[in-house]
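Engineer: Feature list, courtesy of TrEMBL:
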type	residues	note
BINDING	311, 315, 334	Zn(2+) binding site
ACT_SITE	312	active site, proton acceptor
ACT_SITE	399	active site, proton donor
DOMAIN	479-614	domain 'Peptidase M1 leukotriene A4 hydrolase/aminopeptidase C-terminal'
Ligand code: BES
Ligand code: ZN
């Protein structure tokens with residue numbers, strides 16, 4: 001390793017034999033060139049962040065100071081990422097120092113270069129967020145469940161943390177953090193850190209994250225919510241009117257943690273809580289350490305959509321403990337996590353349920369391959385996102401092809417060997433980063449060569465599409481669903497004694513597999529039998545609304561329901577699927593009419609995606625808000 005290429009990393013937490021994190025110093029690792037951060041960590045890098053900020057709901061601005069402990073490798077500059085931030089002043093070891101902001105890049109923002117001395121240990125930045133901040137979504141009371149208090153949440157992944165904190169925003173740079181956060185009295189604040197369980201009297205909160213994490217995992221939510229424990233180490237935060245429902249829905253969380261630990265080693269983050277956010281949250285879930293952020297659309301009342309929790313929990317190993325070194329290696333985060341999610345679901349609920357989830361993933365993969373057929377490079381696991389917003393390159397290939405690769409490996413080498421390998425992999429690379437190439441080498445040495453197995457890893461990683469040796473996924477439950485659907489299509493009848501037993505996965509599979517030739521009458525028949533239009537399960541709603549659009553079905557007031565769904569839910573995957581269906585079925589005008597109304601409820605990541613999809617150009621003031 002060239003010294004110029006080596007990054008001194010003064011705390012490396014490793015897992016000791018008893019499983020407790022231990023601090024070892026100093027350590028060295030290689031910084032891989034990447035195109036989504038201006039940071040030059042070989043010169044100087046942040047090891048610890050202390051935030052002193054206040055959250056103002058009237059001005060919709062966060063302001064305060066950020067103090068950084070830095071490691072300086074004899075440099076006279078430290079470079080941070082910043083985007084749409086108002087930098088007021090900077091000090092180095094207590095004395096005012098010079099700083100400059102580089103040219104603006106639409107995706108990356110600006111390099112913030114601070115002059116430091118060769119012995120500088122600490123810098124401090126006084127700053128404010130602006131109206132253009134992309135990470136933050138400020139919600140009015142009306143946009144929440146209780147409709148009594150405003151709400152704020154952040155979304156950092158992939159490169160948005162720099163829009164609310166000046167930071168070295170590369171997944172390769174890990175830091176610990178603490179924060180003093182002032183919010184209006186009567187509101188509670190939580191972060192991806194040690195969290196309060198009750199509201200404070202004065203609106204002041206203190207946080208500490210003692211394990212080093214990449215910047216994209218720094219997160220904050222502010223609103224009126226309460227905590228309810230599930231076990232000593234798991235629990236939920238939700239608005240008052242939802243708390244009991246949320247608690248019931250996620251009551252298996254502790255069992256999930258236990259199942260995950262049995263597979264791949266001790267949970268490294270002490271506490272595993274989930275906060276259910278307002279419905280505009282742009283993702284199903286986000287794996288912020290110690291505190292997963294989740295959409296309320298998974299609260300179905302029957303625990304049928306809780307694989308999302310298994311997924312975000314799995315990131316506590318794949319992603320948060322062993323982190324993709326660059327966004328080109330995103331499949332290392334998501335593919336591993338989907339594989340792990342399926343294993344947790346299998347451990348808790350059995351093989352039948354896991355098989356259904358796996359086959360849904362397989363079908364998602366086919367759909368994604370079809371939609372990317374003109375851009376085959378986008379179907380490679382190793383991506384090339386240079387010059388692109390990483391958010392645009394993150395399609396479901398990383399998830400579903402990544403999953404299929406790992407499942408294929410499992411079937412090739414056998415589950416016992418694969419599990420032992422993965423457990424070792426997480427243990428050896430805890431609190432560090434991984435590239436696709438480094439993983440390939442590790443896999444070769446520790447699994448394939450060890451057991452004399454040949455495997456076409458290069459084809460899986462660097463070629464488009466799916467190799468021949470892919471695992472074949474079957475589900476008996478879904479075979480029955482297909483049979484029921486075919487019977488209905490030929491006889492016009494459906495045996496409801498079979499369907500009463502169906503889970504939401506079976507319904508989703510049933511609806512998604514309607515043939516092109518499905519008629520409006522058949523749609524009507526099914527809707528009167530099962531009332532899909534008014535389903536209380538968001539996943540069923542999404543796939544049904546897509547089919548209503550595909551088959552020109554307008555019964556049961558479905559058009560109004562679709563509009564209501566799109567104006568209340570901001571989960572990007574749902575919203576995008578439905579708007580794509582409008583577009584595919586030549587109903588762009590209708591889509592734009594709805595979008596005018598729904599857009600103000602969307603977080604910037606959803607709005608950006610839908611703007612592109614529908615060719616929507618926001619009015620200038622609104623653009624200022626969502627840029
Ligand atoms: N980390 C992702 C969400 C994400 C990905 C945010 C890329 C920003 C950029 C999260 O773990 C995730 O995958 N969420 C999925 C859940 C699902 C696959 C169970 C989602 O939001 O739908
Ligand atoms: Zn994920």
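Yeah, the Cβs are placed from backbone N, Cα and C, and that goes for glycine too.
TrEMBL entries are annotated by machine, without manual review.
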Engineer: Going by DSSP, is residue 315 (Zn(2+) binding site) sitting in a helix, a strand, or coil?
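Structural biologist: Going by the DSSP assignment, residue 315 (Zn(2+) binding site) belongs to neither helix nor strand, so it counts as coil.
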Engineer: What is the number of residues in the domain 'Peptidase M1 leukotriene A4 hydrolase/aminopeptidase C-terminal' (479-614) that are helix, strand and coil, as DSSP sees it?
Structural biologist: 102 helix, 0 strand, 34 coil
Engineer: Looking at the recorded positions 312, 315, 334, which ones sit with their CA no more than 10 Å from the CA of the residue listed as 'active site, proton donor'?
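Structural biologist: Among 312, 315, 334, the ones whose Cα sits within 10 Å of that of the residue listed as 'active site, proton donor' are 334.
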Engineer: May I ask which of the recorded positions 312, 334, 399 have a CB within less than 6 Å of any atom of ligand 2, listed in sequence order?
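Structural biologist: With ligand 2 as the reference and 6 Å as the Cβ limit, the list reads 334.
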Engineer: Mean pLDDT over the domain 'Peptidase M1 leukotriene A4 hydrolase/aminopeptidase C-terminal' (479-614): what is the value?
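Structural biologist: Reported value for the domain 'Peptidase M1 leukotriene A4 hydrolase/aminopeptidase C-terminal' (479-614) is a mean pLDDT of 98.
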Engineer: List the Cα distance (Å, whole number) between residue 334 (Zn(2+) binding site) and the residue listed as 'active site, proton acceptor'.
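Structural biologist: The separation of the Cα atoms works out to 10 Å.
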Engineer: For the Zn(2+) site given as 311, 315, 334, which other residues of the same chain have their Cβ within 8 Å of the site's Cβ centre?
Structural biologist: 287, 312, 314, 318, 319, 333, 336, 337, 338, 340, 341, 399
